[in-house]
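Here's the structure, in structure tokens; my notes come after.
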Amino acid sequence: MIRSSFAPGVAPVLGAPKAHRSFVMRNPSVLIFLGILALFTLAVTLGAEATGTGALSTSFVKTLGMTLCLCLVAIAMDLVWGYCGILSLGHFAFFGLGGYMIGMWLMWERTEGIVLSATAAQALPPTPDELRAAVGQQIFGVVGGSEIPAIWAFASSLPAQLALVVLVPGLLALVFGWLAFRSRVTGVYLSILTQAMTLALALYLFQNESGLRGNNGLSGLQNIPGMTHLPQSEVSIRFFWASAAALAIGYVLAAWVVAGKFGSVIRGIRDDEARVRFLGYNVEGYKLVIFTLTAIIAAIAGALYYPQAGIISPAEIAPIASIYLAVWVAIGGRGRLYGAVIGAAFVSLVSSWFTGGQAPDIDLGFYVIRWTDWWLVLLGFSFILVTLFAPKGIGGLVDVIRHKVVPDRHGADLGPDKGSFREAEQQ
Amino acid sequence: MSQLLEVSGISVAFDGFKAINNLSFSIGPAELRAIIGPNGAGKTTFMDIVTGKTRPDSGHVTWGERNVSLLRMSESRIAREGIGRKFQRPTVFEDQSVLDNLVMALRNDRGPFSVLRYRRSDGDLGRVRELATEIGLADQLNTRAGILSHGQKQWLEIGMLLAQEPRLLLVDEPAAGMTKAERDRTVDLLRRAAETRAVIVVEHDMDFVRKLGCKVTVLHEGSVLAEGSLDHVTKNQDVIDVYLGR
Ligand SMILES: Nc1ncnc2c1ncn2[C@@H]1O[C@H](COP(=O)(O)OP(=O)(O)OP(=O)(O)O)[C@@H](O)[C@H]1O
Ligand SMILES: [Mg+2]
């Protein structure tokens with residue numbers, strides 16, 4: 001479907017509305033974005049240890065790869081919030097679930113490899129049952145058991161766990177969304193509900209009985225089975241490429257979704273839900289589609305992120321993570337896809353600079369501002385400033401550069417007496 | 001003549017206050033009807049009930065040749081059955097172009113997945129251009145609806161209604177905030193629309209109602225006070241007392 005939209009455009013009929021211009025022609029920002037992403041990928045490849053000069057350390061390449069995954073989940077957030085107006089504060093839960101699903105396979109397969117090589121010297125190779133028991137002991141020993149929970153049934157199969165990356169968060173989003181949207185829960189109540197879902201999921205995962213190793217989470221995920229002979233420098237650049245490709249595909253998919261009539265309908269839902277309903281559209285159905293689709297995108301981003309992070313624990317799913325996601329999108333500029341990408345990349349990189357201790361402390365004489373402690377305050381403050389004074393976020397700068405004048409209505413309609421006001425705006 | 005919409009004996013109360021009180025009303029398949037009445041008479045609430053926004057406490061609303069009940073249908077389903085509605089405040093999608101607004105309203109499959117695959121056909125574009133000409137916005141197809149004048153927004157909303165090809169059009173105070181010339185054009189538009197479908201217009205402006213030249217229903221405190229030609233109802237003493245005499 002996507003490819004057909006790229007079909008060479010028929011020249012527009014003179015004076016007619018642009019009907020047959022191709023998708024890319026109508027959305028030059030997609031090409032610009034892909035170009036920048038390609039250049040960035042090339043630059044990182046040339047700087048990486050495995051493929052280039054080595055100017056960029058392996059851990060930095062990992063950070064950049066992870067940042068690309070965060071950009072992808074920010075696009076999902078922008079679709080659901082910036083375009084459809086659903087302020088979901090639960091999309092990081094889907095991101096984390098995707099990480100858990102791929103983490104199960106990574107951990108299982110690797111542990112099995114370790115057990116196999118440890119027993120290689122024995123005269124008799126272990127029976128399948130013995131092997132399972134040993135793997136179970138290795139993985140679940142930390143939570144005081146060797147019983148293999150039922151949810152690990154498919155952990156030895158990569159295709160199965162990859163399917164679960166999509167299915168588990170997708171189904172959760174589908175069921176949750178169906179219940180919430182069907183009862184017409186909107187606005188702040190919906191946000192609270194998504195936070196509750198996130199909190200419940202995190203609390204559940206914190207328990208040792210959850211079958212996912214409680215607060216230990218899943219670890220050693222950076223050791224990719226089948227790539228154990230490769231150095232981490234090589235693994236890191238491969239994951240970086242995969243993340244860049246996922247971001248490119250996600251961006252094009254999202255741009256395609258919002259470019260056409262579907263995008264028109266969901267922006268309509270954002271601006272005036274009742275009106276869309278009276279046009280004959282089943283608003284709840286649309287919300288469910290977009291909520292589930294974005295949950296799946298978030299899950300895929302998470303599945304690429306955690307092998308680079310190396311560890312996933314329930315703390316990652318904490319409600320605050322999903323709130324950060326909304327903050328990134330707000331700072332970058334919601335309702336435009338590149339805004340979400342800018343916000344996620346900018347804030348998460350700056351954040352790791354501040355919290356990593358690289359930022360110089362400020363000595364006020366009577367008090368020393370340590371950024372590791374004060375960064376969150378700064379972030380919260382920037383969020384408030386952006387919300388109040390630059391609701392279009394960093395992405396709004398593009399409008400300034402292009403001299404694009406958009407009437408700022410503060411949500412109000414232009415009444416019959418505001419003719420002169422309207423003229424003033426158009427100048 | 002069989003009726004397109006039949007409303008019989010509906011009542012609805014908000015916190016004990018009867019906004020609609022045992023109201024009965026019907027309209028034929030190609031009829032223009034004006035509803036007048038003082039503020040708070042229940043005109044908008046009546047439209048809310050027909051379009052599924054408000055559920056009545058009692059009564060029936062039946063629709064079409066097969067007399068299906070509208071009471072159990074969702075708002076979007078009722079809209080797809082062929083009932084279009086224009087709100088009191090003009091509500092168009094201000095961030096989108098006139099073209100996008102009209103395309104969204106065009107009568108096409110409204111399921112999410114077919115909308116995802118939708119591509120504008122020449123037929124649809126032709127239809128949009130036709131509509132835009134009818135509502136006087138042919139040159140503004142690529143203009144954002146937010147910067148249209150108040151009257152143009154009202155027309156755009158009427159155009160979106162026509163694009164839905166409804167069998168019944170409910171129009172709430174279309175002339176509010178329009179200039180004299182704009183009002184006359186709106187009268188024309190509505191009369192033409194009523195040649196092929198049923199149109200119900202709620203309006204306070206008597207001059208506007210007179211120009212519509214149609215049967216008038218007077219609502220008061222949630223029920224019908226009088227019905228007939230404008231001259232007939234304006235001579236009715238009850239109507240003079242509660243509405244015109246104020
Ligand atoms: N959702 C609601 N909750 C409580 N009261 C309501 C609600 N909707 C309408 N009402 C009340 O019902 C009465 C009828 O209101 P309605 O809006 O139908 O009047 P109207 O005839 O359209 O008046 P106007 O000419 O001012 O538009 C009013 O007194 C109003 O306050
Ligand atoms: Mg009203």
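Positions of Cβ are set from backbone N, Cα and C atoms, glycine also.
Residues or ranges marked as transmembrane segment by TrEMBL: A:30-48 (among others).
Distant neighbours of the transmembrane segment (A:60-81): 44, 48-49, 87-88, 91-92, 95, 233, 236-237, 239-240, 242-244, 246-247, 250-251, 254, 257-258, 290-291, 293-295, 297-298, 300-302, 304-305, 308-309, 325-326, 328-329, 332, 334-337, 339-341, 343-345, 348-349, 352; these residues of the same chain sit at least 6 beyond its ends, with a Cβ under 8 Å from one of its Cβ atoms. Here TrEMBL flags A:60-81 (among others) as transmembrane segment.
As annotated by TrEMBL, transmembrane segment applies to A:88-108 (among others).
Residues annotated as transmembrane segment in TrEMBL: A:162-181 (among others). Within its own chain, the transmembrane segment (A:162-181) has Cβ neighbours under 8 Å at 90, 93-94, 97-98, 101-102, 105, 154, 190, 193-194, 197, 283-284, 287-288, 291-292, 294-296, 298-300, 303, counting only residues six or more beyond its boundaries.
The transmembrane segment annotation in TrEMBL covers A:188-206 (among others).
Feature annotation from TrEMBL assigns transmembrane segment to A:239-259 (among others). Counting same-chain residues at least six beyond the ends of the transmembrane segment (A:239-259), those with a Cβ under 8 angstroms from any Cβ of the stretch are 2, 5, 23, 26-27, 29-30, 33-34, 37, 40-41, 44-45, 48, 61-62, 64-66, 68-69, 71-72, 75-76, 78-79, 83, 266-267, 293, 297, 300-301, 304-305, 307-308, 337, 341.
Here TrEMBL flags A:285-305 (among others) as transmembrane segment. Away from its own ends, the transmembrane segment (A:285-305) comes close to residues 65-66, 69-70, 72-73, 75-77, 79-80, 83-84, 86, 88, 91-92, 94-99, 101-102, 162, 165-166, 168-170, 172-174, 177-178, 181, 239, 242-243, 246, 250, 253-254, 257, 265-266, 269, 276 of its chain (Cβ-Cβ under 8 Å, at least six residues beyond either end).
Remote same-chain residues near the transmembrane segment (A:311-330) are listed as 70, 73-74, 77-78, 81-82, 87-93, 95-97, 99-100, 103, 194-195, 198-199, 201-203, 205-206, 214-221, 339-340, 343-344, 347-348, 379, 383, 386-387, 393 (criterion: CB distance under 8 Å, separation of at least six residues from the stretch ends). The transmembrane segment annotation in TrEMBL covers A:311-330 (among others).
What TrEMBL lists as transmembrane segment is A:337-354 (among others).
Residues annotated as transmembrane segment in TrEMBL: A:374-394 (among others).
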Of the listed stretches (A:88-108, A:188-206, A:374-394), which one yields the highest count of Cβ-Cβ distances below 8 Å with the transmembrane segment (A:337-354)? A:374-394
